Structure formats: C-alpha cells, structure tokens
Amino acid sequence: MLVCAISNHPWSSTLHTLSLLQNSKTTNDVSQVHARMITTGLIKNASLTTKIILAFSSSPHTPLIQFVRYIFMSRHAVRNRRNQKDPFLWNAIIKSSSHGDDPKEAFGMFCLMLENGVCVDEYSVSLVLKACSRLGWIKEGMQIHGLMRKLENGLDVFLENCLMGMYLRCGCVDFARQVFDRMPKRDSVSYNSMIDGYVKYGMVNLARELFDYMPMEKKNLISWNSMISGYAQSEDGIRLAWELFEQMPERDLVSWNSMIDGYVKCGKMEQAHDLFNRMPKRDVVSWANMVDGYAKLGSVHVARHLFDESPERDIIACNAMMAGYVQNGHCKEALEIFYDMQSENNFSPDNATLLIVLSAIAQLGHLDEGVEIHCYIEENRYSLDGKLGVALIDMYSKCGSIDNAVCVFEDIAEKNVDHWNAIIGGLAIHGFGELAFELFMEMERLSVKPDDITFIGVLNACGHAGLVKEGLMCFELMRRVYKMEPKVQHYGCMVDILGRAGQIKEAMKFIEEMPIEPNDVVWRTLLSACKIHENFSIGEPVAKHLITLDSCNSSSYVLLSNMYAGFGMWSDVNRVRTLMKERDLKKIPGCSWIELEGKVHEFFVKDKSHPQVGEIYTMLDSLCKLNAEVTSCRY
C-alpha cells in the first residue's frame, strides 16, 4: 500500500505528506493520505493545505485534482476570510478547471469568488475567459466582458487580447473586431489574433487588409505565416501565398510547410517537391505533407519511397501513408504499416489511425481483424461517441456481421445522426429493410434530426425490402416536413423502389417529372428494372439513350444485350456485342469473396487462378450432379 511505502517518516511531517501525495495517482492512494491527515490533525494546518493546493492543482491525475479542490473548498474558500483580497489560491483552482477537463467548474468557481467578495485580478478574468472559449459560451463571455468594463484593469492589453480570443473561438468575428477597434493600445498578439481569426473563418481578404494596416515593427513570423496559410488553402490564393513567401524577411519551418501544404492541396506536386528540396531544414510535417500529396494523386510508390526515406516518423506520417494506401485500394499494405507501427515504434495509434484501419478492414472484409481492432479500442477506452463508433458499425456491416454492428450501435450512449445513418445503411445492404425503417421511425420519436444521408439509407432499405408505400412516405417527409431539397441520389433511390416493385411506368414518369437532370445511374437503375420485369418497350429506348449519354460504359451495352437475349432477339445481341468490340469495351467480371479460417479468398467469373481450383470445380460438379438427382426424384 502507498501509506506503507515510506513508513520510516513521522506522520506529523508536512514534508512526508507532500511526498506521499507526489506519488498518489489513484483514488485509493489519495484517500489513504487524506485519512492520515485527518487522524494526525495535519488537515488543519493551513500552511500545508496551501502548499498542497499550489503543488498539485495542475496535476495530470484526476483523483489528486479532485482532492485539491476539496481541500480548497473545505479549508480555504469559506473559512479563511482574512485573505479575501488575495485571489492567488482561487486562481490556482480556477486554472485547474479552465485548462483541465472541467471548464464549466471554472466559471462556477469564478462566480463563487465574486459572491465571497474576493478581489479578482487580470489573471482570474483571463482564466474564466479561457473557460468560456473552450465551452463556446458566448452569453457568459459577454457577461465577463461587461464586468471587465467595471474593473480598473478592464483596458489591459493582455485582457483585451483574451476577450478577443474568446469571441473568435465562439465564432463571433464581428464582436472580436469591435474589441480590436476600441483597444487604446495594441500589440503583436492583438493583430495576429484578429488576422488568424479572419483566416480560420475564410475571410482572407479582411485578414490581408489588417495585415497591410499592421505596423511593420509589430509584424512577426506568426503574422506572415497566418497570411500564407490562409492564401494557401485555395488554388486561387496559392499565387498570393507565394508572393508573400518571397517577401518574408525571415522564414521558419511553419512558413515552408504552409507553402508545401498549399501546393499539395492544389495538386501541384512539382512545385511542392521543388520547395521540399530547397528547405534548409525538414521536420516530420514536411515529410508527411509530401507523402500525403503523392498518395492523393495516386502515386503510391513515390509516396512510399518518401515515407521510407524520412529520417523520423510520427503518427501523422504513418496516417498519411496508410490513408494513401486505402484511397488507392492497397488496403493490405495499409494494415501492414499499422502492425509495424505497433510492434516497432513507441507511439500509439490515435483516432485517425483507427478510422483508417477500420476502413481498410471494411474494404477487405476481414472480420477477424475487425474484431481484434474492436477489442483494442475497448481495452484502451477509446470513445465511440464520435466517428470511431460510426466506422466500427460500418466495418461490421461491410464484413457481413450485422449482429455485431447492431450491438455496437446499441452500446453507444451518446448517438448522433452519423451513428443512426451507419446502422440504417448497414441494415439496408443486409436486406433488413423493415428494421431499418423502424429505426428511422425511432429517430423521429427521439427527435434526432435526419440529414440527406439518412434518407438515402432508409430509401435504399425500402427498395431492398419492397416497401413502396414506406419509401414514398419517407420521400415526402424529406420534402414537406424537413424542407430538404432531394438530390439526384434520392431520386435514384425512388426509381429503384418503383422499379424493383415492377412499377416501370410509374418509375419512368417519376424520372420525367424530376426537377433536376437525371444522371446515368438513374437511367441504368430503370434499365435494370426493365430487364428484370421484361419491359422491352421502355427498356430499349432507355438503353439507347444511356449509350448516347455514356458511350464508354460497358454496363449499358451488357444490359441491352441481355434484354435482347431474354426476348430471343439474337441478331440484336450480336449487333450490340460487335459494337462493344469495335469500341474496345469489356465487361467487368463479377467478383465474390469468402473468408475461411481468417483468410479471404477472391473469385472472378471464369477465374482458374486459385491454387485449389481443381478441388473447387470437382466439388461444384458433384453438387450439380446431386442437385440434378434430387430434382429428378421429385418428378
């Protein structure tokens, strides 16, 4: 036990108590020390409790922070009224909340401070403004603004900068500018905060006006870098970013990386690589930017070469390489980096890493690996309330384990619309249309506002389950209740619902009445329905229209050919096939996967590349013979 760890010290020693607390990390550790302080009477030692507050108010261990707050509230906040003019201890406690995991508590403590008549200083005000910034509490922040005007130190440059920062963090750019304009004195922080605020909210022109107005002696690297970063976010602004970069009196790593990042985002890798080669010094961000840029352009081999060449890597570089692999269909290689990262490096995966890994597993259909990652997430207590929960539901759905997807969904305490979308979409692709529709109705009951993706999911579910009335109801809900303008995907879903139900004429009429131009996917959906339900009169002109619309897509030719074959029109079949040969169009072969004992086997139509192809075809032949025998016995 912790208390026995240093048993040779006298318990009445304040030094011993501080030493014990230094090693306390758990609630049990802290409780033991607290009990001893009570039994020895040290709890009444004001000097000791003050030292405890000052020494441990910024501890990273939650139990110790909670103990410090308890000590303050029970021994100092109310009892010691002689030091009401000194806010020193109050500030230490407020900071533990404003910079910690409970900024709401900081605001409450500040209010209590005022109620008890304790004098607040500029540091107290700056801390409570920090809390309001983190919480996005604009109303409370404005109350502090009003209080500042009554205080003698209300016009302090430091506090005015904090106030401006609070307004910017809360999205009130105009209020921040009013504070800036009314400041009797401004420093570099004042200008840089306002410029950075404009940049972050996309108001680059206003940022440039202020930058040009800023006195030269107040401009520093932060000012220049903010402007370069702002311009570099768009292809139109990259030229202006380069002009500023050339004018800079000095540059640092941020300057170079901002320019490289700008060129990468615009897809101008030649210019990015030229800057990269000219850099006097590079860091992990420089390498990660280049890896990310080449990967997004599909040059995975160049990206991997740079990744291997980088002298040091961090989680950002690994994520960039993994994301590049996944985006270009090399999911196995992405997982290899993840496993290497775990075995060789000292840094742990973050949320972004796990999102990439789950996406790779979903594309590969490797359920066993997905289960392992789920266990890792649970063991390390990652929150599933955000994107990670969505990715986990999506992974299980795409790996064929809809039961696990539902379990993950049900276990998430704070569900947002993305979680609902993921499970509705998963149920839709597994054919559980009725259940998906019930979940959509549950969203209604719980007042969870759906978005356009929700309606795509539920309309798909209705289509697969043949729920025509329910699909039409959802479509009308979207338009009339939620006032959402349907996109081409929603119209496509409705065509699919009507087409699957055999209502070909209604589907055709629906397309003709669409307020937006139907794309090839909508027409191809109708054509598929025409083939299934043998509606030649509508199907043939639709197919010919599709071939005119997209002459390079083989699927339209194949659907038309199959339709002709279904009606025994073999000369027309030959004519379409000949046309495909003349245009060098090939049908993309069908593909299926099966996971057996943790290994995924992939099969294409007429594919004989599998090492056990002989055994597979022998088994299929025997099954066909057995099926023929059973059929003949019936009749």
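Glycine is no exception: its Cβ is also placed from the backbone N, Cα and C atoms.
As written in TrEMBL, here are the features:
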type	residues	note
REPEAT	86-120	repeat 'PPR'
REPEAT	187-221	repeat 'PPR'
REPEAT	252-286	repeat 'PPR'
REPEAT	314-349	repeat 'PPR'
REPEAT	416-450	repeat 'PPR'
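Sequence-distant contacts of the repeat 'PPR' (314-349), counting only residues of its own chain at least 6 positions beyond either end whose CB sits under 8 Å from a CB of the stretch, comprise 284-285, 287-289, 291-292, 294-296, 298, 300, 303-304, 307, 356-357, 359-361, 363-364, 369, 380. DSSP states for the repeat 'PPR' (252-286), grouped as helix (H, G, I), strand (E, B) and coil, give 26 helix, 0 strand, 9 coil.
Broken down by DSSP into helix, strand and coil, the repeat 'PPR' (86-120) contains 24 helix, 0 strand, 11 coil. Here the repeat 'PPR' (416-450) is broken down by DSSP into helix, strand and coil counts: 26 helix, 0 strand, 9 coil. Predicted-model confidence for the repeat 'PPR' (252-286) is 92, expressed as mean pLDDT.
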